[in-house]
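**Student:** Before anything else, here's the structure in question.
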Amino acid sequence: MPAVCESLLDDIEDMVSATDPKPHDRQSARKNIVPRARKRNKNNIQEEEPPADSTIPGTQKIWIRTWGCSHNNSDGEYMAGQLAAYGYSITEQPEKADLWLLNSCTVKSPAEDHFRNSIKKAQEANKKVVVSGCVPQAQPRQDYMKGLSIIGVQQIDRVVEVVEETIKGHSVRLLGQKKDNGKRLGGARLDLPKIRKNPLIEIISINTGCLNACTYCKTKHARGELASYPVEELVDRATQSFQEGVCEIWLTSEDTGAYGRDIGTDLPTLLWKLVEVIPEGAMLRLGMTNPPYILEHLEEMAKILNHPRVYAFLHIPVQSASDSVLMDMKREYCIADFKRVVDFLKERVPGITIATDIICGFPGETDEDFKETLKLVEEYKFPSLFINQFYPRPGTPAAKMEQVLAHVKKRRTKELSQLFHSYDPYDHKIGQKQQVLVTEESFDSQYYVAHNRFYEQVLVPKDPDFMGKMVEVKIFEAGKHFMKGQPVQDSYIYTPSITKPLAKGEVSGLTEELKPPNNIPKSETLLEKHWERLQVFLFLTALLAAVIAFVGTKLV
């Protein structure tokens, strides 16, 4: 049996037909065989290729719209600077922009309405949208912001990341607070690139948040508790600004008077350090401060406001002259405290301008309460008065209080406005000679806008030699909100001891390594940058095509 099996296996392995071709013949025949190539689907090949208009972040045009306070405007300038430094083009024409960056304000309902309408308009125009500011920070779950990218008020240093991801089609939300070892910081760094709306004016936020808990305020929900920047960082920022040709600095925050209480310093200490670096011919303007925190420093504040390079101007919101209303607002002062601050400063700083705010129709305000407010305005005749009809903001205690009827709020707002327009604060200054600092153009483009020692607005003729300079003028006309001045003949036009200002739209804060050469226009520099990117893209595309062709020949 085994022998039979072995014989069978040998026969099977060795079995060859007499008609089979020999191995040599098979090899020769193989050379004449042409393999059939599988037909390619041209449509599929085209679909696999990258689209010709691939989106490359950093090449788009961006339109930025900011609502609200000077703090918010400073944030908008920082975001514009970072985007421009990265390569994006900042445009003032929304219809030409690829992306709209909407920087919102939550103080009053009308401002939020404008913000919401702008989002809708952007979406209808098929624009990419990024939102920032106090509205999304305080209430990010609003239905009209679903699917939108959000930059929190303390995350503006990451605007490039958010815009880049949004352009790619992603939705990004950065709403966190900045902390150092658990301690809250003032916000993004002060030395970030920036595009000043006015190259002559630098807005510096000295702190964010506040120590109060006003029952009507929605901003507190967004900006949070007080967090101050160190004195050294603020002085460095001011110094850098003057080196870039700025001739006027605005100090801003939700409450400048509270500055430093969280880091062991105070506002007068900061101000004395700042005046040391203000060049001759440049000026500093102090922003809004609430009465409680200025009371402790009245003597020092009076000395500082008398300094020749500090405007004799202070914005102190009173909101109401009724103690019962102030208590419901949780303003933490009484009307006597406010009067003490104003009276002291008017006595120690002759001619000082006191600006204030008043809310008409706060919940629970009676006719008697409102009459107290009218008496206060009649007594002090504030030259600058911001009158606001009360709007309940969602999530605030005041929104849950019993509301004053709408027609009553409107009547009180109108009555206070009529009182304000019944007196002329500047008529007595006609004929005076004043030194004014010229910083901008009027809205109607007919005049240059300047401010005198008391930060009162003076319109002067449009002489290019005046811009950014101290000019002596004689007042010949006065209106409700301004005066008009004629330059005094043969008077000396004083040029501040600072460098030439940056061009409009030029990025502040860039190191020399990052700055383009001065003789190359910005648009030219951006074009070269984009052309370099395009060259790299074309090279990689050609290389890929060569590889595909080589592989194809091998397959054949």
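Glycine is no exception: its Cβ is also placed from the backbone N, Cα and C atoms.
So Swiss-Prot has the following annotated:
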type     : residues               : note
BINDING  : Cys69, Cys105, Cys134  : [4Fe-4S] cluster 1 binding site
BINDING  : Cys210, Cys214, Cys217 : [4Fe-4S] cluster 2 binding site
DOMAIN   : 60-168                 : domain 'MTTase N-terminal'
DOMAIN   : 196-427                : domain 'Radical SAM core'
DOMAIN   : 427-489                : domain 'TRAM'
REGION   : 17-57                  : region 'Disordered'
TRANSMEM : 536-556                : transmembrane segment
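Mind running through what each feature is packed against?
**Tutor:** Counted within 10 Å of its Cβ, the other Cβ atoms near Cys105 ([4Fe-4S] cluster 1 binding site) come to 23, all protein chains included.
Under the three-state DSSP scheme, Cys214 ([4Fe-4S] cluster 2 binding site) falls in the coil class.
Note on the domain 'MTTase N-terminal' (60-168): its mean pLDDT in the predicted model is 96.
Helix, strand and coil content of the domain 'TRAM' (427-489), in residues and according to DSSP, is 6 helix, 31 strand, 26 coil.
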**Student:** Measure from the Cα of Cys134 ([4Fe-4S] cluster 1 binding site) to the Cα of every one of the binding-site residues Cys210, Cys214, Cys217, then give the nearest.
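**Tutor:** Closest by Cα distance to Cys134 ([4Fe-4S] cluster 1 binding site) among the binding-site residues Cys210, Cys214, Cys217: Cys217.
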**Student:** Around the Cβ of Cys217 ([4Fe-4S] cluster 2 binding site), how many other Cβ atoms lie within 10 Å? Please give the count over every shown protein chain.
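**Tutor:** Taking every protein chain into account, the count is 21.
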**Student:** Near the [4Fe-4S] cluster 1 site, what residues other than Cys69, Cys105, Cys134 in the same chain have a C-beta no further than 8 Å from the centroid of the listed C-beta atoms?
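**Tutor:** Everything else in range on the chain: Trp67, Gly68, His71, Asn72, Ser104, Thr106, Val107, Ala111, Gly133, Thr219, Ala222.
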**Student:** When neighbour density is defined as the number of other C-beta atoms within 10 angstroms of a residue's C-beta, which of the binding-site residues Cys69, Cys134, Cys210 has the lowest density?
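**Tutor:** Least crowded of the binding-site residues Cys69, Cys134, Cys210, by Cβ count within 10 Å, is Cys69.
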**Student:** In DSSP terms, helix, strand or coil for Cys134 ([4Fe-4S] cluster 1 binding site)?
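**Tutor:** It is helical.
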**Student:** DSSP secondary structure for Cys69 ([4Fe-4S] cluster 1 binding site), reduced to helix/strand/coil, please.
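**Tutor:** In the DSSP reduction, Cys69 ([4Fe-4S] cluster 1 binding site) maps to coil.
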